[in-house]
Each structure stands twice: as C-alpha cells, then as structure tokens.
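Asks: So Swiss-Prot lists the following for this protein:
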- Asp455, Asp461, Glu464, Glu465: Mg(2+) binding site (BINDING)
- 39-147: domain 'tRNA-binding' (DOMAIN)
- 401-477: domain 'B5' (DOMAIN)
- 708-801: domain 'FDX-ACB' (DOMAIN)
Amino acid sequence: MIVTYNWLKEFVDFDLSPQELSDLLTMLGLEVEGVRHVGGGLDEVVVAVVEERSQHPNADKLSLCRVNNGKETLAIVCGAQNFKAGDKVALAQIGAVLPGDFKIKRSKIRGEESCGMLCSEKELGLAAESEGIIILPTDLPLGVPVFDALGLKDTIFEIGLTPNRADCLSVVGIAREIAAKLGTTVKYARPSVKESVVPISERAQVIVEDSDLCPRYTARYIAGCSIGPSPAWLVRRLEAVGMRSINNVVDVTNYVLMEYGHPLHAFDADLLAGGKIVVRRAAAGERFTTLDGQERVLTESDLTIRDGEKGVALAGIMGGENSEIRQETSNILLESAYFNPSAIRRTSKRLGLHTESSHRFERGADVDILVTALDRAASLIAELAGGRVATGTIDVYPRPLPRRTVRFRVDQCNRLLGIQLTADEMAAIFNRLEFKVNVVEPELFDIDVPSCRVDIEREIDLVEEVARLNGYNNIPVTMPKARVFSDRPTRHQRLEKQLRNVMVGQGFSEVITFSFMAPGILDKLLLAHDDPRRSVVRLRNPLVEEQSVMRTTLLPGLLDVAARNINYRMLTLRLFELRRVYLPAEGQELPREPLHLAGIMTGVRYREGWNQERHQVDFYDVKGVIEHILDEFAIGSVVFVQDRLDPYFHPGKACSILCGNELLGSFGELHPDIHDNFGIDQSVYYLDLDFEKLAMVSSDNVAIKPPSRFPDTFRDIAMLIKDETPASTIVECISGLRIREVECAEIFDHYKGSHVPEGFKSIAVRIRYRSHERTLVDNEVTPLHQRIVDTLVKKLAVTIR
C-alpha cells in the first residue's frame with residue numbers, strides 16, 4: 001500500500017515528522033518498507049518566466065531562451081518544443097541536484113552557453129513519464145521554489161500489509177490507525193451530492209440473481225459528462241501512489257479506491273442494453289473480453305455483471321471492453337458493490353488476473369462504506385466532468401450481512417500480554433479504534449466489531465489490538481509462566497516406550513511415514529477385494545493422489561522407505577514404526593484408530609567382518625524378535641500357527657501369533673510379488689503386532705524365580721512326528737504337564753531325509769531337570785522323563801527313535 005504524508009494529513013491532525021510517522025506506523029504493525037521524499041532538496045528549482053525564445057544557430061531541435069527568475073535573466077538552451085515566450089516554467093539553477101543525483105552545471109551546448117535547465121515532470125520526480133517541460137500556472141510568483149509554490153513537497157510511504165489487514169488498503173484506513181494511536185479523531189469527508197430532478201429509476205435498473213456472491217450492489221447515474229484529462233492535482237496524487245492518469249472519470253474511481261479502499265467501476269450507460277444491470281454467474285464456457293483486450297473463458301463459478309443482453313464486467317476484478325468509458329461517453333452508471341471474497345479470489349487465481357480491485361475484494365471489503373464511496377465519486381465526477389447526478393441511489397441489499405460481536409475478558413488479556421491495564425483503559429483503546437464496547441460485567445465486554453475490520457473474529461484478535469495500541473514496547477519483560485503437570489504416564493504410554501526400547505535394543509531404527517497413502521497401493525499388497533482394509537477413509541482435499549486416503553496398514557510406508565534406502569545401497573535394514581492405522585468401524589462414521597507395531601528386516605544378520613560369516617536374515621531372526629517382545633511384555637501361552645495369514649506373506653514362511661483366541665499379529669517373509677511391486681530385489685521379512693491386544697494380554701507383574709544353586713541334568717528325546725505338526729507343539733505339550741523339576745525344553749535338532757519315512761520329520765528335544773531343594777539323582781529324573789515320553793506318544797502320536 002502506497003500513501004502520502006499530505007494525503008494522510010487531510011484526514012487526521014498530527015505534528016509528527018515523516019520519520020516519526022514512519023516509526024509510529026511500524027510499531028502499529030503497518031511496516032513501512034520504503035520512504036521517498038518528493039521535492040526535498042530541490043529549493044534551487046524555482047519559478048521562472050520565459051522572456052524570449054529563438055532558434056539555436058547550430059541545432060535544429062534546440063532553442064535559445066532568455067529566462068527570468070525574479071532576480072536576473074539567464075541564458076538557457078532547451079530541447080523541449082511545448083512552450084513559448086510568456087510561459088512560467090520550472091528552472092533548475094546552477095548547483096541544483098535533481099533526482100538521480102543529476103547536478104546542474106554551467107555548460108556550453110553546441111557552442112551556446114546554458115546557465116541552468118528547464119525541467120519536465122519526470123526530471124523533477126513528479127511522473128514516471130512526461131512529454132516536454134512542465135508549464136506552471138501563470139499566477140505563481142517568480143523565484144519561489146517550485147515545490148513550495150505548488151504545495152508539492154511530500155513524503156511517500158510504502159507500507160507492507162499482512163493479508164488480514166484489508167482495512168488499511170486505503171488512506172482513510174491508515175489515518176484511522178494513526179488517530180487511534182494518537183488519541184485523536186478522523187476527519188471523515190461527508191460527500192454532498194447535488195442531484196438533478198431526474199430520478200435514477202427512470203435511467204437504470206439493477207437485478208441481483210446471486211445474493212450469496214453479491215450480497216449488496218449500489219449504483220448512481222450521472223448524465224451529461226465531458227470526458228477529458230484530469231486536473232493536475234488529481235494526476236499528481238494518483239502518480240504519487242503509483243497509478244497513471246487515464247481520464248477524469250476513471251481517475252476519480254481510482255482516487256476514491258485509494259482514499260476509501262473500496263473499488264468502484266464506471267460503465268458507459270449508453271452501451272448498457274436496456275439500461276439494465278444483472279448480477280449472476282457466468283455460463284460454462286462463456287467468453288468475455290476484459291479491458292486489457294484479453295478474451296477470457298469463464299466457468300459457472302465466475303460472477304459476472306451483465307446488461308440486458310451480454311456480459312459487461314467480471315465482477316470485482318475488471319470491466320469489459322464493450323462498456324468502458326470512452327472519449328465519446330456522456331452518460332455514466334457508477335457501480336459500488338460488495339462481492340464474496342472467496343469467489344473473487346477463486347476467479348482471479350484461475351484466470352491469473354490480479355487487479356487493485358480484486359486485491360481488495362478477495363481480502364474482504366467494507367460492506368457499510370459502499371454508499372459513502374459511491375457518493376464521493378459521484379460528487380467528484382459532477383465537479384470535474386460537469387455531469388448531472390440523477391436523484392436517488394440504487395441499493396440492492398436483500399439480506400444484510402450479520403454483525404460480529406466478540407466476548408472479551410480483561411483479566412485474560414492482561415494474563416496473555418503480561419500487562420496490568422484496567423477495564424477502562426482497554427475500553428478506551430477499543431473506542432479509539434471505533435469498536436463499540438458493551439459492558440456485560442465490570443471486566444467482561446461484548447465488543448461490536450466495525451464492518452471494515454474483517455480480521456477481528458476471536459478474543460485473541462482483540463488482545464492483539466490492545467497490544468498494538470498500548471505499544472509493544474510497553475509490554476514489560478517477564479519470565480515465561482507455564483503450568484507444570486506432574487501426572488505419571490499411563491500404562492499404555494509406559495508400554496509404548498518399553499516397546500520402542502525393545503525394538504531399538506534389537507538393532508531397529510524407528511521411522512515415521514505419512515498417515516496417507518494412495519488407494520492403488522493396496523493392489524500392490526495383493527489384498528482381496530473384500531478385505532476390510534480396502535474400506536479407506538478418503539481426504540476431502542488431498543494435496544496429491546498418492547496421499548488421498550488414510551492408511552489401513554503400515555506396510556506400504558515401510559516398504560517405500562526400504563526401497564529408497566536399498567536404491568542408495570543401504571542393503572541391510574532393520575526398521576520399525578509404532579503408529580496408528582485407520583480401519584473401518586461397523587455402524588460408525590469415523591474409523592477405528594488402533595496402534596500397530598510394524599517392522600521389516602532385510603540384508604545380512606551381522607555386520608561384515610573377518611570373524612563373521614555372511615548370513616542373510618531369515619524367518620528365525622524375525623521370530624526371535626517376536627519372542628523377545630513377548631518376553632518383555634510377560635506374555636505366555638503364545639502359539640505360532642500357519643493360518644489366518646495375509647496374502648502379502650510368502651506361503652509356508654510366515655506365522656500368525658495367537659494368545660488364547662486373540663490374534664496378536666503375524667510375521668514372516670514377504671511374498672516375492674511384493675518385492676517386485678515395490679522394486680526390491682532381496683528378501684524382506686515383516687512383523688505386524690496389534691499394540692492394543694499386546695497391552696491387553698501383557699502382565700505388569702512378572703514372577704521372579706531365583707536361580708537354583710543345585711546342578712541340572714538333561715535327557716534327550718529323538719522322535720518322528722508328522723510333517724504337518726508344528727515342532728512347537730512338542731514344547732507346548734511338555735510345558736503343559738507343569739512338572740516342577742522341568743526347567744526348560746528346547747528343540748536342538750530337526751531332520752528330514754534318509755532313514756526318515758515320507759511325511760515325517762525327525763525332532764530332537766533336550767529337557768533340563770533341576771531342583772531348588774537338592775541335587776536330582778537318576779531314579780528321580782527317570783520316572784519324570786518317562787512320563788513326558790508317554791504323554792508325547794499318546795497326545796502327539798510320535799514315534800520314539
């Protein structure tokens with residue numbers, strides 16, 4: 001936002017220097033990013049009169065001039081052609097330094113002496129471009145600095161506004177901030193419109209078909225205008241804020257835009273079919289040519305302004321070529337409307353068309369200032385273009401927008417800011433900001449927010465206003481205060497930490513992957529079409545299709561991480577993730593979010609070394625990880641079975657984990673097709689445990705059994721057992737006898753081959769016996785051992801070898 005010092009002083013009285021004003025604005029949160037002084041240091045550029053002009057003897061395009069500055073007559077060589085004898089001009093005398101650090105010196109030009117320079121607006125920094133030198137009003141006194149004589153000395157501030165401060169996109173808005181800080185009032189211009197006897201209802205009609213996108217539309221009709229150049233004061237003021245002059249009518253709309261911050265648009269009323277304005281959405285594929293000469297293809301989401309036959313403007317963004325103000329324009333329909341910010345933002349972004357108008361509408365305009373801005377523009381057009389304003393204003397406002405009221409607590413504000421202001425002091429701040437304070441209780445307010453402050457929505461926004469107006473530099477330095485909670489972690493939290501420690505202790509690294517996945521990735525996992533994990537939760541606004549649904553398994557994320565690392569030649573990996581998955585819940589809108597532990601192992605078992613053989617990890621490595629977890633959680637009576645397995649496991653190389661009737665999880669080698677689907681060319685082993693079920697069956701009380709100080713003894717049993725019988729059932733059968741003297745039973749040999757019948761396998765079990773009371777002797781161990789043998793033969797139909 002660009003604003004000038006003098007323009008601000010028209011709306012608020014202050015005695016601050018430009019530098020002091022710059023500091024004040026910055027402390028208010030309106031950061032001044034640049035300051036430019038106009039006319040400063042140009043006192044040597046004075047008003048002079050051309051007494052004589054003649055042709056340069058040595059150059060066709062140069063003139064010899066005799067110029068009087070009120071003290072003396074000087075010889076000047078000039079190349080401009082737009083002046084004559086008797087004109088008053090801006091004379092840069094010897095020693096003057098013009099913008100761009102251009103110093104005026106006595107010189108000879110084509111053999112003729114020149115004691116100064118006649119200046120153009122561009123050379124004085126008054127315009128970006130100019131033709132010829134500046135011709136001054138005839139009533140200006142000679143010898144007076146030009147900028148003093150014209151009242152052009154000014155300071156231009158370039159202010160960087162945050163997107164929420166739409167109220168400061170105007171001179172009035174910034175003046176309101178200055179007045180609030182200084183405790184003074186804004187001198188609002190109350191436009192007075194001299195109306196003709198012709199009612200506007202006889203000249204124009206407005207129909208709003210979509211009041212959601214255009215809640216309010218106002219208009220005035222001005223007849224008999226003469227289109228021409230704007231007066232110098234208006235041109236210079238627009239140029240000071242970075243706008244170029246077009247004609248007196250368009251310049252007025254731009255002037256009011258910068259003054260009040262509300263966009264206006266002027267239509268050539270004679271080009272509006274039927275004298276009608278219709279506000280409605282565009283038709284899909286509709287083509288419309290805007291003022292910049294570009295043809296735009298519109299959609300049904302774009303709001304247009306139409307007459308009785310065609311589109312004449314892209315609402316809130318840019319007018320149309322077919323209704324613009326021309327040199328021949330006589331009658332004008334002036335628009336002042338409020339458009340839905342989201343609709344303007346969407347259309348502007350889609351078309352790549354950003355204008356001063358759309359910049360303000362998409363941030364939120366002031367719906368209450370429409371008529372004020374409209375009347376201000378109408379009175380200026382009548383003054384500068386000689387128009388006659390029709391009686392009355394069209395104001396279509398079927399459903400007034402609701403007012404915002406925000407509850408405010410004085411003690412909460414003091415606590416958050418670390419200050420000690422009274423309720424009266426805070427109320428005074430809000431009153432200076434033109435907020436209405438309704439006192440509910442001595443330290444409880446209901447604040448009515450002005451329509452211009454679209455950024456005020458919650459109590460914390462009001463707290464910020466107190467901080468700004470009271471001064472950030474007035475907030476005392478205090479140590480931060482926070483409540484310290486000493487609650488102990490819950491059982492689940494302790495178990496989560498324990499599980500992470502177990503995994504890290506076994507050489508795993510924790511990874512964190514996205515909670516989103518691509519729906520098509522479930523096909524890569526070979527899941528059946530009726531698998532519940534295909535019932536995914538879809539995101540309403542995904543960034544990309546690859547992250548458009550919530551994950552129902554942790555496996556894809558781990559495989560993506562593994563594939564990426566393997567591509568970088570990190571061939572040995574142990575990774576785990578303890579995170580939630582999102583599974584459908586029958587009869588409920590929201591999914592279940594169980595916590596799962598998933599891990600993968602691939603590569604070699606041990607790091608390479610001269611004393612280590614290079615063995616690849618296998619099924620028993622991942623099984624060992626599972627057993628270690630079960631031991632840490634004190635979970636007994638676990639059975640490993642080769643059923644209830646997911647299709648992404650390799651057949652015959654995976655197990656499910658059962659504890660009673662609860663399925664705790666599964667583990668094993670992944671199917672070769674899974675490797676191919678994820679671009680992995682080595683075996684990967686996977687484990688998946690349901691943390692909630694682990695926690696449910698785990699025990700917090702672990703029985704401590706002191707070691708026996710007596711020696712053990714062992715006996716071996718070699719037996720034949722059917723192939724389909726898991727070897728683990730032998731150990732389970734022995735444990736089920738609950739013989740106190742049996743310390744452990746371990747399988748130490750597994751054999752299939754010669755001397756073993758087809759359909760059988762040879763298993764050898766070593767049973768260790770030990771007593772805590774004495775050393776066991778053979779006649780005590782033998783009957784115990786025989787009991788075990790008999791039970792195995794009877795229950796498992798084994799053949800003792």
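Keep in mind that glycine also has a Cβ here, set from the backbone N, Cα and C atoms.
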Asks: Please list residues from the chain of Asp461 (Mg(2+) binding site) whose Cβ is under 8 angstroms from its Cβ, counting only those at least six apart in sequence.
Replies: Val406, Asp455
Asks: Among the binding-site residues Asp455, Glu464, Glu465, point out the residue whose Cβ has the most other Cβ atoms within 10 Å, with all shown protein chains included in the count.
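Replies: Answer by Cβ density within 10 Å: Glu465.
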Asks: Per DSSP, what is the residue count of the domain 'tRNA-binding' (39-147) in each of helix, strand and coil?
Replies: 2 helix, 43 strand, 64 coil
Asks: In this predicted model, what is the average pLDDT of the domain 'tRNA-binding' (39-147)?
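Replies: Computed over the domain 'tRNA-binding' (39-147), the mean pLDDT is 90 on the 0 to 100 scale.
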Asks: Which residues, same chain and not among Asp455, Asp461, Glu464, Glu465, have a CB within 8 angstroms of the centroid of the CB atoms at the recorded Mg(2+) site?
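Replies: Other same-chain residues with Cβ inside the cutoff are Arg453, Ile456, Ile460, Leu462, Val463, Arg468.
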Asks: For the domain 'B5' (401-477), DSSP counts of helix, strand and coil?
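Replies: Counting residues per DSSP class in the domain 'B5' (401-477), I get 33 helix, 18 strand, 26 coil.
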